[in-house]
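What TrEMBL records for this protein:
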BINDING   His319, His368, His434, His611  Fe cation binding site
COMPBIAS  1-14  compositional bias 'Low complexity'
COMPBIAS  40-49  compositional bias 'Low complexity'
COMPBIAS  58-67  compositional bias 'Low complexity'
COMPBIAS  68-77  compositional bias 'Polar residues'
REGION    1-103  region 'Disordered'
Amino acid sequence: MDAFSSSFPISAFPTQNLSPSSRPPPSTSHYNYAPIFNATSTSTSTSTSVRTTEEKPTGNTTTTTTTQKNSNHPQSEQQRRRRPVLSKKSPIPPTSRTNINTPSIFSVSPPSLSAVILNAFDDVINNFIDPPLRPSVDPRHVLSSNFAPIHDELPPTECEVIQGSLPSCLDGAYIRNGPNPQFLPRGPYHLFDGDGMLHAIRISKGKATLCSRFVKTYKYCMERDAGFPLLPNVFSGFNGLTASATRGALSAARIFTGQYNPTNGIGLANTSLALFGNRLYALGESDLPYSVRLTSNGDIQTLGRQDFDGKLFMSMTAHPKVDPDTGEAFAFRYGPMPPFLTYFRFDADGNKLPDVPIFSMLRPSFLHDFAITKKYAIFADIQIGMNPMEMIAGGGSPVGTDPSKVPRLGIIPRYAKDESEIRWFDVPGFNIIHAINAWDEDDGDAVVMVAPNILSVEHTLERMELVHALVEKVRIDLKTGIVSRCPISASNLDFAVINQSYVGKKNKYVYAAVGDPMPKISGVVKLDVSRGDRQRCTVARRMYGQGCYGGEPFFVPRNRHHEEEDDGFLVSFVHDEGSGESNFLVMDAKSPKLDIVATVKLPRRVPYGFHGLFVSERDLESIS
């Protein structure tokens with residue numbers, strides 16, 4: 001969700017495909033997290049790593065783990081950095097993605113003089129020029145409780161089913177993405193700023209294994225090898241003119257001295273996953289997709305950064321929509337420079353088709369999600385937008401709100417070749433971050449969209465605990481231009497999903513996460529959006545219990561040829577803040593109380609995150 005950085009040019013330069021190295025057995029006691037962002041030794045400026053050592057080797061990789069010390073600058077045990085040294089070449093899977101050939105051996109060497117100087121400058125910025133004063137960017141606040149990162153990756157580890165049994169339709173893998181900074185923040189840090197980490201629970205014949213791996217983005221790999229952060233955090237690092245100028249100059253200096261090449265990517269891949277064209281992608285909207293796969297034993301591998309034969313530029317949304325009937329995928333990118341919105345699609349084989357720039361979007365807007373129907377694509381131009389000039393002049397996030405702006409919805413034929421047929425409709429007060437679904441009515445003369453409306457939009461980034469999202473159904477008559485709205489629920493709901501077979505088609509049921517407050521999720525509700533009375537729309541509810549919080553639910557059908565829309569199961573990771581334990585929960589989506597069918601005890605906690613995806617065994621086998 002690091003949108004502002006999508007303005008950096010990104011091309012198909014070689015990127016690194018780094019093989020994992022070994023880790024000691026994971027610890028389960030990583031719950032209490034005290035970030036250290038004040039460097040104690042600026043002459044070497046080594047930053048404490050959230051990682052300790054690397055993960056279990058794959059292929060023919062052997063590893064030796066060493067602890068780097070500098071006798072001239074003694075450090076505390078917590079601040080010592082441990083890094084892997086690979087001694088053999090790891091196999092690189094054949095791929096048509098961006099060239100990922102890399103040197104076969106990584107060696108750890110002391111930082112160069114330029115790195116030492118720039119790290120010292122970074123410490124001055126973080127400690128004196130722009131320290132993390134606001135709670136929304138104070139790592140001690142942001143990374144408290146189960147938002148704290150885990151310290152190391154977890155190789156495939158067997159889990160215990162402690163309640164019920166896992167249904168056979170769950171044979172496959174549930175994978176969830178989320179931010180997990182590999183280094184303790186040295187300055188301001190926002191929840192959206194962490195490196196992407198995938199948590200995958202692989203299920204086969206009633207048994208489950210858990211694996212947690214970083215997405216090996218170019219940024220992650222370069223910073224891992226350097227031993228410290230190289231680029232400032234996008235959502236929290238540019239607060240006012242002085243902070244923006246100093247961190248901008250620092251980034252330019254790192255690029256000029258060869259420490260980082262932004263053309264290889266600057267994204268975190270920390271937001272979501274998507275499966276289309278027989279490929280699985282980890283996504284973050286500031287960069288190109290990263291292709292990933294699961295091995296037969298449940299391990300996660302990053303295959304490389306995908307530019308689709310040079311046809312995809314700069315970035316892509318983390319919420320592409322896949323038509324369940326045609327296999328096509330629809331997507332977009334946005335940024336602070338015109339065109340502020342560009343729409344595009346992929347055919348069923350995953351080939352990218354030409355861009356459709358949307359110049360009728362006159363100002364940069366925060367376009368995190370959108371919706372499709374069988375005939376149209378729908379974009380929301382909301383009151384949240386990119387404000388780089390205000391950020392520089394007055395401080396704050398690169399994304400802010402404009403109360404004077406009237407939100408609107410743009411509707412364009414989904415197979416449009418240009419923007420000539422797009423139509424914009426004013427929908428006052430309708431600010432959406434996520435879209436749930438949309439469909440056509442009246443033979444295509446009307447469009448219906450269901451989405452959570454952010455009522456307290458000014459708090460979206462700074463005070464998320466004050467955000468209240470009200471699920472609404474909006475209907476637009478394309479002949480008359482009349483817009484009608486109907487609230488579905490008064491509860492604070494977001495991170496909502498449907499049966500994926502109904503994407504772009506009229507559906508009845510929605511499964512939404514309950515904010516208590518956001519971004520913590522205390523339960524899940526089932527909504528019947530076909531009912532007009534919002535008091536009757538909530539037809540089922542499951543609360544996780546005192547001190548227990550989950551994430552976005554995901555619906556898995558009982559079988560591929562299901563007869564009823566809600567015949568299936570809801571799955572989610574749930575964490576008990578009292579015991580410090582995490583579970584994988586399976587709920588019956590048809591039952592009146594979303595009854596628990598199975599509970600899987602996880603070998604260690606899974607931090608709160610963003611969006612997930614279930615991939616069936618058949619689809620896992622077909623991923624290339």
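Glycine is treated like the rest: Cβ placed from N, Cα and C.
The 10 Å shell around the Cβ of His319 (Fe cation binding site) contains 21 further Cβ atoms across the protein chains shown. Neighbouring residues of the recorded Fe cation site, listed in sequence order and excluding His319, His368, His434, His611, comprise Thr271, Ser272, Thr317, Ala318, Asp369, Ile433, Ala435, Phe610 (Cβ within 8 Å of the Cβ centroid). Note on His368 (Fe cation binding site): other Cβ atoms within 10 Å of its Cβ, all shown chains, come to 21.
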